[in-house]
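Participant: Just passing along the structure, written as structure tokens.
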Amino acid sequence: MGGCTVKPQLLLLALVLHPWNPCLGADSEKPSSIPTDKLLVITVATKESDGFHRFMQSAKYFNYTVKVLGQGEEWRGGDGINSIGGGQKVRLMKEVMEHYADQDDLVVMFTECFDVIFAGGPEEVLKKFQKANHKVVFAADGILWPDKRLADKYPVVHIGKRYLNSGGFIGYAPYVNRIVQQWNLQDNDDDQLFYTKVYIDPLKREAINITLDHKCKIFQTLNGAVDEVVLKFENGKARAKNTFYETLPVAINGNGPTKILLNYFGNYVPNSWTQDNGCTLCEFDTVDLSAVDVHPNVSIGVFIEQPTPFLPRFLDILLTLDYPKEALKLFIHNKEVYHEKDIKVFFDKAKHEIKTIKIVGPEENLSQAEARNMGMDFCRQDEKCDYYFSVDADVVLTNPRTLKILIEQNRKIIAPLVTRHGKLWSNFWGALSPDGYYARSEDYVDIVQGNRVGVWNVPYMANVYLIKGKTLRSEMNERNYFVRDKLDPDMALCRNAREMGVFMYISNRHEFGRLLSTANYNTSHYNNDLWQIFENPVDWKEKYINRDYSKIFTENIVEQPCPDVFWFPIFSEKACDELVEEMEHYGKWSGGKHHDSRISGGYENVPTDDIHMKQVDLENVWLHFIREFIAPVTLKVFAGYYTKGFALLNFVVKYSPERQRSLRPHHDASTFTINIALNNVGEDFQGGGCKFLRYNCSIESPRKGWSFMHPGRLTHLHEGLPVKNGTRYIAVSFIDP
């Protein structure tokens, strides 16, 4: 008989010794692993985009050998994003595979490069390929395209993805060659359809021995699988994990509309950022400005698109940037007539430091998009412009080195992270919703709060950013970047950049500054910033609270010129001046009359020539100021007393020889009183001061911006000393009446 025979008495022994080889001549040994130098990665790139450089960087990290086809060629494969095409890639593969057709031991891995990153190395790829036990393995997809009519021709798959994806495949060189040699179409024909027809042909599939990576062990296509793939940190490494199949794919492909998700994974994979080491690529390809003799030329685009609080300070910050002024040019678009006075004051200062300043005012009636296009052109059309730095007026840059830091990071587009104080609102989005608007990425809060520090590839950034001049003159040379459908200008810019394949980065490696809230900025007053204590408390404090205020609690600078009369710094010069200006602009001083309809009962026993905070709509601001800044001092000087921070009477008093020069002795209707000097004795007026009669103690040289704090009723009978000439202003509150 033909075949092999086994004697009955030896059957048991044979089964024990060779349980899987009942026939002589069968190979019982596992196949030896393929050496990593026998793996060749092939990709196609007719241009070197940001995505290509990221792909090559990940390949270099794992020591892949990569052959790039098509470099320097014109792309004739169609618009792969929105239509069929890609045949040029198959034609190039056909040409190159002829050189490897007889190398039986060579494994060829083809993958896209613009939207692919490696998450594992050659050894892992080859091990998984061998385990698949086929000659060629294609990436698998849950979505059938481009011809859905071919669904019935696919083999049935009970577990895993059923359809082929041409974005990645791996196989022995002779077998890959057999596939691509069948190509006889045009460069703009569809590569996906070509490979699909090879696979669904049962004879070809079996003859070449092709399978799909059904469970995404090697290739992970993200389109249609967004909910399957998560970021995983384990053993000091970052991987993308398919939670449906419990696999760790090696090549991650952000095909179709999933490029934003791929960018998110690319921030971590392969080990770009880990929990143990933080950002491992932050110093990659950076530049050192301290080593250059001449700094790059920067055009700064400034945009004032709505009434904005604290604008003079914003403009002054531009002049304090740590950057050579001779290398700067300024483009300013001001949409608001309200701010023209601020622009004029700034220009008169800046023109002595910055040679080129272009101002486009509200009379031009430009839309925001038109203005931003003009600002970008200000750099684009200047061959000497190395960088374009766009800054909106609602950005507070507290780091003078911001511009240098961004340039040194050496990215095409990069923004510094700025947030609203105490909030998660920032100038970037970590993800987009399906309709292209805000969605919160998994890492957004950690980035905003500084728990993860690095340089992050993001889909949207705004308010403040730096763009390379050569990028504006190459990939982004279209003038109308800020106009797109009905999108806001910032969203239009970001969408255009994404579609051009230009990565946008946000850096939180340093503290750069913050964002102002402009939503409720009321410009009906004379000094409108005074009302910003709720919307922008940090900025309000910086502008209006005395810089020595914190020393009250750290250096014990509170003075006591009279018994239980405490004296401390509270207001800045600007606060004093603006409060006086506001009252004078309002102008309805009471005249120091006893009959006063503003108070309960309509009669004031000891009247002053004053204006109440309530009259200028400043009452709520003033009471909040008392709770935030006066109450802590109260607790320090009147130990054990906790103020409610409430006052019925809050007002600015005006003393002058012509109207009211002094105030007779009286007790205040308060538990304690604050009395803040708003101008300077000796400069603005002579005389004045306060005398506490019971202690025979006078204070005749009040300091501007400093406050007295003393008990009100019962103990501290006092009087206002005569003003001899000039005008004296004080702000008074009767607290806890």
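Each Cβ is built from the backbone N, Cα and C atoms, and glycine gets one as well.
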Participant: Starting from the Fe cation binding annotation in Swiss-Prot that includes His666, Asp668, which of His612, His718 is the extra site residue?
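Facilitator: Record check against Swiss-Prot: Fe cation site with His666, Asp668, extra candidate from His612, His718 is His718.
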Participant: Which has the fewest other Cβ atoms within 10 Å: Asn209, Asn297, Asn365, the glycosylation sites listed?
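Facilitator: Candidates: the glycosylation sites Asn209, Asn297, Asn365. Fewest Cβ atoms within 10 Å: Asn365.
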Participant: Per DSSP, how many helix, strand and coil residues does the domain 'Fe2OG dioxygenase' (644-737) have?
Facilitator: 3 helix, 52 strand, 39 coil
Participant: Same-chain residues six or more away whose CB lies under 8 A from the CB of Asn725 (N-linked glycosylation site)?
Facilitator: Pro657, Phe685, Gln686, Gly687
Participant: What is the total of other Cβ atoms whose distance to the Cβ of Asn522 (N-linked glycosylation site) is within 10 Å?
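Facilitator: Other Cβ atoms found within 10 Å: 12.
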Participant: Here's one to test understanding: among the recorded positions Asn209, Asn365, Asn522, Lys704, Arg728, whose C-alpha is closest in space to the C-alpha of Tyr323 (phosphotyrosine)?
Facilitator: Asn365
